[in-house]
Amino acid sequence: MSELKKNKLFVVLMDVLCVVVVGMPFIIMTIIFRPYQRGVHCDDESIRYPYRHDTISHKMMAAVTIPCSIIIITSGEAYLVYTKRLYSNSGFNQYAAALYKVVGTFLFGACVSQSLTDMAKYTIGRLRPNFLAVCAPEACVGYMLQINCTGNPRNVTESRLSFYSGHSSFGMYCMLFLVLYVQARMASKWARLLRPSMQFFLLAFAVYVGYTRVSDYKHHWSDVLVGFLQGALVALLTVRYVSDFFKERPPLCQDEENPENAEGERKPSLQMSDPDRNNYYPISRPV
């Protein structure tokens, strides 16, 4: 194996390792930890709401965010590579290199978001608005540090994980990441209204999910608000400092006989293009 291939394999292994490491808190918290056992004020009206089934369940959330992310990213990278607006000197297939870069960045940010969310959930242990309905205590008078619940143990454990909303943080992260991806990749003039239309529906879904968490009595409004802020912050930082969506670079030198002389960064990148008459600076060349 050549030295260049060894270096590339090392980079890939490091990327995978980093994604796994930042996702470890999420895995450990979910499998091993139990939420902090917070005392209960039996007359607290904020935890006396009835139990309701999820409007947006975990399965439904995954069924929307994952396929939506896959379709937008794979089709976007395929189009840009096919029209030769996205280049790579990685030595791999152009499309595979571009897709690896975006998907790796997306997964890294998703693991960061989920780990931060579960760290807060399990260490704070805030009671959900429907806690007493789920717990169904044998007796509850005044303030009780220890409370005997007769409800389903798994549901009781879940009812101690209110702060902050995982649905809101994950939904906002995924949708805002896609919004920024669309902003960077759909720079053609024909997408002047299509781009913001897609971005509206992506963000609308994330916001709607948060609203349902309040109306279903699964979270307090502050849980949802903090979830939105955390998901948005992770998405912005991931796109700004990990991805290369908005980094303009000149076209690489094309030298078929001496490809090792090509200059520039060896990563998927969009070619620079001149601004048009409307002072609009696209990342890729307009169609």
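Placement of Cβ uses the backbone N, Cα and C atoms for every residue, glycine included.
All TrEMBL annotations are machine predictions without curation.
Annotated features in TrEMBL:
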type	residues	note
TRANSMEM	12-33	transmembrane segment
TRANSMEM	60-82	transmembrane segment
TRANSMEM	94-116	transmembrane segment
DOMAIN	103-239	domain 'Phosphatidic acid phosphatase type 2/haloperoxidase'
TRANSMEM	161-181	transmembrane segment
TRANSMEM	193-212	transmembrane segment
TRANSMEM	224-242	transmembrane segment
REGION	252-287	region 'Disordered'
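Looking at which of 12-33, 60-82, 94-116, 161-181, 193-212 has the most CB pairs under 8 Å to the transmembrane segment (224-242), the answer is the stretch 161-181. Counting Cβ pairs closer than 8 Å to the transmembrane segment (161-181), the top stretch among 12-33, 94-116, 193-212 is 193-212.
Secondary structure by DSSP for the domain 'Phosphatidic acid phosphatase type 2/haloperoxidase' (103-239): 97 helix, 4 strand, 36 coil. Per-residue pLDDT, averaged along the domain 'Phosphatidic acid phosphatase type 2/haloperoxidase' (103-239), amounts to 95 for this model.
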